[in-house]
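J.: Annotations for this protein, taken from Swiss-Prot, read as follows:
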- Ser115, Gln116, Ser117, Gly118, Thr119, Gly120, Lys121, Thr122: ATP binding site (BINDING)
- 1-20: compositional bias 'Basic and acidic residues' (COMPBIAS)
- 21-34: compositional bias 'Low complexity' (COMPBIAS)
- 102-268: domain 'Helicase ATP-binding' (DOMAIN)
- 297-449: domain 'Helicase C-terminal' (DOMAIN)
- 1-45: region 'Disordered' (REGION)
- 215-218: motif 'DEAD box' (MOTIF)
Amino acid sequence: MSEKETNTTSTENKEKEKQEQTNTNSTTESTNNQVDEEYERPGRSEGLDEFGIQLDIQQSDPNSPLYSVKTFEELGLKPELLKGVYAMGYNKPSKIQEAALPIIIQSPNNLIAQSQSGTGKTAAFTLGMLNCVDPSINAPQAICISPTKELALQTFEVISKIGQFSNIKPLLYISEIEVPKNVTNQVIIGTPGKILENVIKKQLSVKFLKMVVLDEADFIVKMKNVPNQIAMINRLLPSNVKVCLFSATFSMGVEELIKKIVQDPYTSIRLKRQELSVEKIHQYFIDCGSEDNKALILSDIYGFISVGQSIVFVHTIATAKSVHQKMVDEGHSVSLLYGKDLTTEERFKQIKDFKDGKSKVLITTNVLARGIDIPQVSLVINYDVPLDEMGKPDPVHYLHRIGRVGRFGRSGVALSFVYDQQSTNKLMNISTHLGVPLKELKSSEIESLDGILKGIRNQLTPLNN
């Protein structure tokens, strides 16, 4: 598939899209019968696809130069970081890294960056954070805010690996993990509540801060109280702090919130709408006949599948627990992960067991829909059609869910369950919205999934992005 990049500059972003503001402050009822509150909040999608190639780059300052790089050496990275990059197996910058890294490292501009899932966004901003740090100053100099503990942990691990040859000390800053009162670590990675609360209380110093990153920014800015907290923090930050927002999608209703966070001058890197493509992911749906039959169909699927690992996404914690128990009773090796009620230690153990291959199936809510990179996952099952908090079809979460396969250009399979006309209509609404046709898989054809997955696994080769 061909790639090309279009650079344009303008004095202001003239594209004004219709926005539909959603209610992010709705209350959560009982734990089991509701969606996983920690992660089911954003509104409906703009329809921006994670898997397009072409980027649209715009700047608020037309006099600021635009350029990209083709090698990591061109960036003037510190030698110890360049060594860390190559130790990670990166030979050359990916598309988003080519465009974003010069802005992060060499430009004074703030950054809003959108690119498809699995293209190296994390490596882009972690390199930028590490490169701005002065190791001789024992104080926070770069902060990354992630929406979930699992994503924060993954980012912490990437930073630790890329920075392994430096004297930079990263710190995982989340609840239930003890942190020092006087933080001397230069790079902080954590969740919104923990970081924002302690910055406001001045328990986390921002005196030497140079860079703030919001990962999965479209979700974070719509979390309860976060925009107000960020506005308060902006008044505490040094004037020269660079703010970088990254996401694979941008939901409707976030533009005004983003403008409160990212000040001029800024550069915006977005997917071109006409470049929508999800051809690397084979997408199917199966009519289970009734809601009760969904568990039986799932059992049949895992009776045939013998290759790789998979993630099963459900809508509520109660469903997650029920599906998990049924699969355990049938003798499957299964992990269970959701946001509420599980301790941080339990959550990290579940994701580690799955990443280490101790379990082959992970049952989860949308808490794991964004950002998590598990290369051996070749199948995603939407046990429940993804819905927003209003019960409407949610293309954004659909994209993020199926984005757990097809990482870094690999192939994968996404299978969605429907069981009546209403669930079918909701899934078809997502399909139409994204312009992506879904093939029907008959229950009599379930056995063919194993052959499809084996073919995909045989195609996998190590990728250097």
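Cβ atoms here come from the backbone N, Cα and C positions, even for glycine.
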J.: Could you count the residues of the motif 'DEAD box' (215-218) that DSSP puts in helix, in strand and in coil?
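T.: In the motif 'DEAD box' (215-218), the DSSP-based counts are 2 helix, 1 strand, 1 coil.
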J.: Within 10 Å of the Cβ of Thr119 (ATP binding site), how many other Cβ atoms are there?
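T.: Thr119 (ATP binding site): 21 neighbouring Cβ atoms within 10 Å.
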J.: Near the Cβ of Ser115 (ATP binding site), how many other Cβ atoms are there if near means within 10 Å?
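T.: Other Cβ atoms found within 10 Å: 26.
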J.: Can you see whether DSSP assigns Thr122 (ATP binding site) to helix, strand or coil?
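T.: For Thr122 (ATP binding site) - judged by DSSP and reduced to three states - the answer is helix.
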J.: When DSSP states are folded down to helix, strand and coil, where does Ser115 (ATP binding site) land?
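T.: DSSP call for Ser115 (ATP binding site): coil, neither helix nor strand.
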J.: Which entry in the list of binding-site residues, Gly120, Lys121, Thr122, has its Cβ near the fewest other Cβ atoms, using 10 Å as the limit?
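T.: With the binding-site residues Gly120, Lys121, Thr122, fewest surrounding Cβ atoms within 10 Å: Gly120.
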J.: In the predicted model, what is the mean pLDDT computed over the domain 'Helicase C-terminal' (297-449)?
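T.: Its mean pLDDT is 87.
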